Each structure stands twice: as structure tokens, then as C-alpha cells.
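**Q** Heads up, here are the entries from TrEMBL:
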DOMAIN    A:64-252  domain 'ABC transmembrane type-1'
TRANSMEM  A:12-35  transmembrane segment
TRANSMEM  A:68-90  transmembrane segment
TRANSMEM  A:102-124  transmembrane segment
TRANSMEM  A:130-151  transmembrane segment
TRANSMEM  A:185-212  transmembrane segment
TRANSMEM  A:232-252  transmembrane segment
Amino acid sequence: MLTRLLMILGRAYVFALFIIIFTPMAIIIAISFSADSYLSFPPSGWSLEWYGKVLGNARFMNGLQNSAIIAVIVAGLSLLFGLPAAYALVRLEFPGREFLRNVILAPLILPTIVLGLGILMIFAPAKLVASYHGLVLAHLVITLPFTVRILQTTLSNLGRDAEYAAMTLGATPLRTFVQVTLPQLVPGIVASTAIAAILSFDEIVISLFIVGPRLSTLPVEIFRYVDERTDPLVAVLAVLLISISLIIVLIVERSVGFAKAFSR
Amino acid sequence: MGLAANAPVPAASMDAAAHHIRIEDLTFDYGGARPAVDRLSFGIRKGEFLGLLGPSGCGKSTTLRMIAGLMAPTSGRILIGGQDIVARPPWERNLGLVFQSYALFPHMTVAQNVAFGLKQRRVPRAEIRDRVAEALRVVRLDQMADRVPSALSGGQQQRVAIARAIVVEPEILLLDEPLSNLDARLRDEMRFEIRDIQTRTGITTLFVTHDQHEALTMCDRIAVMNVGELEQIGTPTEIYDQPASRFVANFIGRANELACSVDDTGALVCNGRRLPGRTTGVSPQPGSTVVAAIRPHAITLGEAAAGHLAGTVQRRVFVGNIIEVALALPDGQTVTVELRPGGAGDALAVPGAEVGLTWRPETMRVFAA
């Protein structure tokens, strides 16, 4: 009897949590289809007018293109640098390994605004401000700790027995890595690459420091727009950002399974 | 640790030529209080199934890993067919290793798992197909070739691991506690299955286990290890009937240990009684104290006056096929006796009763105290 009651209460609690999380989102989605010229809920009429305005806005479309290109490059480089780092931190033994493990996570703890300022101080004299490679480098500082961390977990959960088995069966360390370790890392690789892409695509604080008039990202453009006015265009942009993150998550889910990618 | 007086460990040189694998003075010292493996020497004959038995932490797994090349010995030699392989990396040793965890490649099918070693050796594709099929037939998994490991039961996964190891025709098959992850019923089945596969393929095998039952039932010979050292090597019968040390006597099967003194004539004296002679083990030195070990089932109960020793029944426990009787000797030492229900002495084994203990002298084994 008591357990039944607890179960009902538990369900009610979870349901309430979902309501709290998803209500604002539902409202934003509704407003994005508004026919009004200001933010209000419920809207007095419905239209696709604001979607048209976003698609016709050169600054947004330009920012979207930049953000997408940067996200793809950042995701690729995160994997390229993150995988060897994770491998070294998990599988190799060298002095200072524990120290490095912690240092690599440092950007996670530092306030992003401090990071942004620091990056600006270094990038300005190096002429990296307002350039693609500057933005990519800055985003890597944010994404690498996540990539390394996820791959580290995947790798240490794998254990070494399969690798040892491969070696005793005649596989050199390189072949063992390519034929045995790497295929088992796929869920971690997909997850960490997706995370890196989402982080880069959504990144605003650091980007604000180093974008310039000729190179800007979508979040920066949205930030600037919202700074000046508030109309349903903002809701459309929010829906756009949510959809893109959702699409990436869905790709992960379809290819390896979201739960699997993150729990292993 | 006891003495190994008249059950000597074979000297390194004695039948070295007959050995397919020789371990010589193998040591692994990671800087702890004592080496994990301490100057270990033994040989494995061609086609032999040798058990490496010992409690956890005795160094048996470390020894296996050194033979596999996954750990580098501090010193010593590992000879296969007379050649020292210590300097060779694992992928150049031509071994088959079966792990407790099976360690199958989860992203490959059963057939791909088994084919892995042959692919590394660049065996032609058609030959790989035939040999994989043959290996799967040997382990009775030919119907499962296209499954993935996660779709198989624990016993089937273990058989895939064995097929994967034997298909490359390794110089030596190393089995690291291969039965520990299986449930009891399957373990019994796999014991005979593994031994059967080994007999049919004739591959020289080293079987690491902490389970005396597995070792006794499966192995041609058993090497017993304790704290990094070899205690005794011999056939299961030798190990059980003529343990070379108190450790072996107690680790394999059960043993009663009686503290005895030795009188001027060299006879053992316990509780004021002279025990019958013709014991095995060390020769009792007059004036010394020794430990006499005797198995619980080797003792029979009779009239108090007629026994080699007399004791009082303290406890009687029915364990199905046997009755376990705990006895106290006058000096306080306790002795456990196993009787067959309804057999000799059963009627006498009543708590509180005074009974006599009798045994054949040669079943009593003497060790230095």
C-alpha cells in the first residue's frame, strides 16, 4: 500500500519536473509562430513571418554558416587531439600523469569569462582575433576537456584483456589499436565528437571576445540582436538552436544509442 | 613453511631435454616486501596439461603473464623448445591465452574472433575459413559462427575463447582461471570439455587455478605455489598422498596436524603414546618435535583401548555422504575424522564417548615442526 503510494508520488514528481522544464520551451515554440511584432503569450495570431525574416537575415545566415563550419572543424580536431591524449592518460605510465589528468580538466573549473579574457590577451598580439583559426583554437579550449574526459572513461571501461588477447594472437600494438581498441571506442568517439560540436555551436562567452566585424558566429549575432530589441524573431532563433542540438543528439541516438555513448 | 625432504622438486637439469617449456629461476620483484615470484623453476612436457595451483596472491597469474609476455620478469629465463623467449614481445611468442573474462572482441562475430590470430599470420583466406570451421567444430560451436559474442552464454563464450587460442596452433596454451566466471554446473561440464579438447589437440597447456578440485581432476601434473615459490610439483596422486610440505598437505584436501615429540628410538610420541612407525615424510630425529599430518578419512574409530590414540567425541555432523566427527585428545589437540554413515565406527561416534583412533602408519606424513 505504502509502496504504491510512493510510486504514485514519485511519478507525480517526475511529471511535475518535466512540466517545469518543458513549459518555457513550449511557450517559446508557440511564440515563434506568432503574428505579433512584439513578444507576448499567447500570441494574438499565427504566422511564419518571423521564420521568413530569420532566413532572409544576412547576418544570421552568415553567422549560422560560420558556426556550422567552426563546429565541424572543432569537433574533428577535438577527436584528433583528444584521442591520443586520452590514450596516453589511461594506457601509458609516465611521471606526472595524475597531474596532467587534472590540468587537462582545468578549463572546466575556470569561469569562461576568465578564459575568454586570457585568450584575448594572447590572441590579440598573435593576430588570431576575428579569424577562423582563432575561433577554432578558442573553442578547442572549451571542448577538449570534455572530449578527453569522455574518451578516458570509455577507454578505461574497456579494460585491457581484449588488447592482451589480440597481442598474444600475434597483433602488434598498432594493429591491436586499430583492429581491437578503436572499434570498441566508437560509442565514446561519437559521443565526444557530438558534445564537442554542440559546445562549439552554442559557445558565446569566449566567442564574444574574439569575433570581429567580418567574422561572427550565430550565438554572437543572436546576443547582439536581443541586446537591441525583443520580438518573436528571438523565439525563432531559440527554436533553431534547440533543433540543431536535438538533431545532433538524434544522430548519436540513431548511430550508437545515446545512453550507451555516455554511460560507457 | 615445511621441508621437502623426500619428495624432491626435480632439479632443473634432470629432464630438461624432455621439457617443451622450461621456466628457470623466474623472478618478478616489484619492490614489495618480497618478490611476487621468487626463483621459480619447473618444466612442462610436450603435450602435457600442467596445473599451476595456489591461493590468490601466490604469484601464479604473474607467472602466466610473464610467460605470455604481458609482464617482464626481473630475472630468469623462459625456454620454449630450448629457446629463451624473455626478450620477445607477446605478438612474437606464438601463444594462446584464455582469460577468466574471456576477452572476446565484442565487435566481431564468433568466426571473426577465431580468425583473428590467423589473419595476423597472413594465412590465405581459404585456409582461414577451413581452420576456423575446424576449430569451431572442436569446441562444438559450428552453428554459432555468425553470432556476436554478446548473444552467447558464458560457457559458449569461453569455448570461443578457447577456439580462438588453439586455432593458431600455439606452442603453449595458457589458461588463466578459465572456469571462475562460470556457474557451478557449467564449470563441471567445462572441466571435462577443456581437458578433452586439450587431449585431442595435444597442445602443451599451462592451467592456472586456485581451485584444488579443478587441478586434481584435470591435470597430468600439478605445480603448487605459495608466496611466490614452488612448493611441490607432481601428479595429482603424488600431491595428495605425498605432500612435500605442511602447506601442500593443508591446501590440497584436509589434514589433521598432530604435534608429536620423537623419543630415543625415533618413534613419534603423542599424548604419552608411541605411534606406529613406517610413517612417510621426514625421518623423525630423536629428541626433536615434529608435526604428523593425517587425512580425516584415513582414520577409523574403534574401542578406546585398541586405538593408536584415544579421544573424546565432541561433535558429530552429518554431511550427506559422510559423517564428520570432531574429537579432542587428552592434551587438548583436536582431530577431525570422516566416517561413512553406517560404516565402521559410526555407532561409536556419540558425543561424550571415549573412542580409539586407528590408521595405517603409511598414511601419516611427518613434517618438521
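Just so it is clear, glycine is given a Cβ too, placed from its N, Cα and C backbone atoms.
Just so it is clear, the model here is predicted, and its values are computed rather than measured.
Where in this structure would I find these features, and how exposed are they?
**A** Counting residues 6+ beyond its ends, the transmembrane segment (A:68-90) has Cβ neighbours under 8 Å at 97, 100-101, 104, 132, 135-136, 139-140, 143-144, 146-148, 151-152, 155-156, 185, 189, 192-194, 196-198, 200-201, 217 in the same chain.
Listed by sequence, the residues of this chain that lie at least six past the ends of the transmembrane segment (A:102-124) yet keep a Cβ under 8 A from its Cβ atoms are 85, 89, 134, 137-138, 141-142, 144-146, 148-149, 205-206, 208-210.
Within its own chain, the transmembrane segment (A:185-212) is flanked in space by residues 67-68, 70-72, 74-76, 78-79, 82-83, 112-113, 115-117, 119-120, 123, 128-130, 134-135, 138-139, 141-143, 146-147, 150-151, 153-155, 158, 218-220, 223, 241, 244-245, 248-249, 251-252, 255-257, 260-262, 264, which lie at least six positions past its ends and keep a Cβ under 8 Å from the stretch.
Residues 25, 28-29, 31-32, 34, 36-39, 43, 50-51, 53-54, 60, 64, 190-191, 194, 197-198, 201-202, 218-219, 222, 225-226, 258, 261 of the same chain, all 6+ positions outside the transmembrane segment (A:232-252), place their C-beta atoms under 8 angstroms from a C-beta of that stretch.
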**Q** Same chain only, please: residues at least 6 beyond the ends of the transmembrane segment (A:12-35) with a C-beta under 8 Å from a C-beta of the stretch. Say none if there are none.
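**A** Same-chain contacts beyond the flanks: 41-51, 232, 235-236, 238-239, 242.
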